[in-house]
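S.K.: Quick paste from TrEMBL:
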type	residues	note
BINDING	CYS28, CYS112, CYS210	[4Fe-4S] cluster binding site
BINDING	HIS57, HIS90, HIS140, SER238, SER239, ASN240, SER282	dimethylallyl diphosphate binding site
BINDING	HIS57, HIS90, HIS140, SER238, SER239, ASN240, SER282	isopentenyl diphosphate binding site
BINDING	HIS57, HIS90, HIS140, THR180, SER238, SER239, ASN240, SER282	(2E)-4-hydroxy-3-methylbut-2-enyl diphosphate binding site
ACT_SITE	GLU142	active site, proton donor
COMPBIAS	326-337	compositional bias 'Basic and acidic residues'
REGION	326-353	region 'Disordered'
Amino acid sequence: MHLSTKSSHSDTSGPRKRVILAEPRGFCAGVRRAIAMVERALEVYGPPIYVRKQIVHNHYVVSLLERKGARFVESEFDVPEGAVCLFSAHGVPPAVRAGAADRNLQVIDATCPLVAKVHQQARRVVRDGRVLLLVGHQEHEETEGTRGEAPRETLVVETVEDVERLDLPRDTPVAYLTQTTLSVDETADIVRALTERFDDIVGPGTDTICYASQNRQNGIKSLARQADLVLVVGSENSSNSQRMVDVAREAGTPAQLVPDVSRLDGGWLDGVTTVGVSSGASVPDALVHQLLDRLAEFGHDEVEIESTAVEDVVFSMPLQLTDGIRSDDRERLDDAWSKVPPDAPAGTPRRTM
């Protein structure tokens, strides 16, 4: 496979099959931090350590961390008393923290700092005497955690229709916050409906949209303008990966979610000259590399990088895990997760280039 920056040369022998690879893609700073925290906790405390819910929404990442000694559970009550328990990047409600304290768990909080900021704003909104209108997906773990900060004062809205159904007087003091993984485009219509619906409404004190979600969706829009097909690497339970597929389709370009390379359907490539490739914020580059290798087998062996943003955000780990190490070694973690390790889940293709 030939990797290059974007080029304008042409192949006179016929249509040139190529891949346009989005940059940035894959791990965001919050995901990178959460994974590093699991790996560091295993070093500090030794296996097993327990993680409430999936640390991030990617089955490949979860499977490899399980092989290293992490045990993923649904509830803090599934963790043995006194054991080490990590909270996932999506955050938890106060009730979960209380339950962990009752069981004397050694808690390590991997909540994304951007999500933690939303929790802080939720508490402030309620202290100010306002009803909190939370724009997000009802069943998403992040939404559940934020709503848990003030369950009696919080209403979740997913659609403009939800706004119209709100049983609140027009002069009710309200405030809105958004799920961090929703882009500005996704929330714009709902926010507009809220501001038209209520006279006394305030928005977030600071931007609560995740920079990575917005960047990846902007990248998808660029790919969709140039590609015949867009492929997004990501798990089916990843909200941001699914949304990236939707963004491409809304732009008029066929798009498919590819959880792993075995799910690539060669029929998708019939008549396709240019394939756009990106990945969700929880996806290691190893999965992208596998997809590129497979596409090369179909003749799409020239890869051009399409850069639409620069990401240099780094989030520090908590002090309980940073003794003697850097707060975050971005290059080390990215390099490790860009390769398929020897103990990868059965059936995972090896990177050959």
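Every residue, even glycine, has its Cβ placed from backbone N, Cα and C.
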S.K.: Just checking the recorded positions CYS28, HIS57, GLU142, CYS210, SER238: which sit within 10 A of THR180 ((2E)-4-hydroxy-3-methylbut-2-enyl diphosphate binding site), CA to CA?
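M.R.: Hits: GLU142, CYS210.
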S.K.: Excluding HIS57, HIS90, HIS140, SER238, SER239, ASN240, SER282 themselves, which residues in that chain have a Cβ inside 8 Å of the centre of the Cβ atoms defining the dimethylallyl diphosphate site?
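M.R.: Close Cβ neighbours, site residues excluded: VAL56, GLU141, GLU142, THR181, ASN237, SER241, GLY280, ALA281.
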S.K.: Do you know offhand how many angstrom separate SER238 (dimethylallyl diphosphate binding site) and GLU142 (active site, proton donor) by C-alpha?
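M.R.: Approximately 12 Å lies between the Cα of SER238 (dimethylallyl diphosphate binding site) and that of GLU142 (active site, proton donor).
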S.K.: Would you mind listing, in sequence order, the residues at least six apart from SER239 (dimethylallyl diphosphate binding site) in the same chain with a Cβ closer than 8 Å to its Cβ?
M.R.: HIS57, HIS137, HIS140, THR181
S.K.: Apart from CYS28, CYS112, CYS210, which residues in this chain have a Cβ no more than 8 Å from the mean position of the Cβ atoms of those residues at the [4Fe-4S] cluster site?
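M.R.: The answer, listed by sequence position, is ALA29, GLY30, VAL31, ALA89, LEU114, VAL115, THR180, THR181, TYR211, ALA212, SER213, ALA281.
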S.K.: May I ask which of the binding-site residues HIS90, CYS112, ASN240 is closest to the residue listed as 'active site, proton donor' if we compare their C-alpha atoms?
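M.R.: Closest by Cα: HIS90.
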S.K.: Rank aside, I only need the closest one: which of the binding-site residues CYS28, CYS112, CYS210 has its C-alpha nearest to that of SER282 (dimethylallyl diphosphate binding site)?
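M.R.: Spatially nearest to SER282 (dimethylallyl diphosphate binding site) by Cα position is CYS28.
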S.K.: Would you mind checking how many other C-beta atoms are within 10 angstroms of the C-beta on SER238 (dimethylallyl diphosphate binding site)?
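M.R.: A count of 25.
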S.K.: Give the number of CB atoms, excluding that of HIS140 (dimethylallyl diphosphate binding site) itself, located within 10 Å of its CB.
M.R.: 19
S.K.: Restricting to the chain of HIS90 (dimethylallyl diphosphate binding site) and a gap of 6 or more, list residues whose Cβ falls under 8 Å of its Cβ, or answer none.
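M.R.: Residues satisfying the criterion: LYS53, THR111, CYS112, VAL115, HIS140, GLU141, GLU142, GLY145.
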S.K.: Between the Cα atoms of CYS28 ([4Fe-4S] cluster binding site) and ASN240 (dimethylallyl diphosphate binding site), what distance do you get, rounded to the nearest Å?
M.R.: 11
S.K.: What residue among the binding-site residues THR180, ASN240, SER282 has the most other CB atoms lying within 10 A of its CB?
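M.R.: Of the binding-site residues THR180, ASN240, SER282, the highest Cβ count within 10 Å belongs to SER282.
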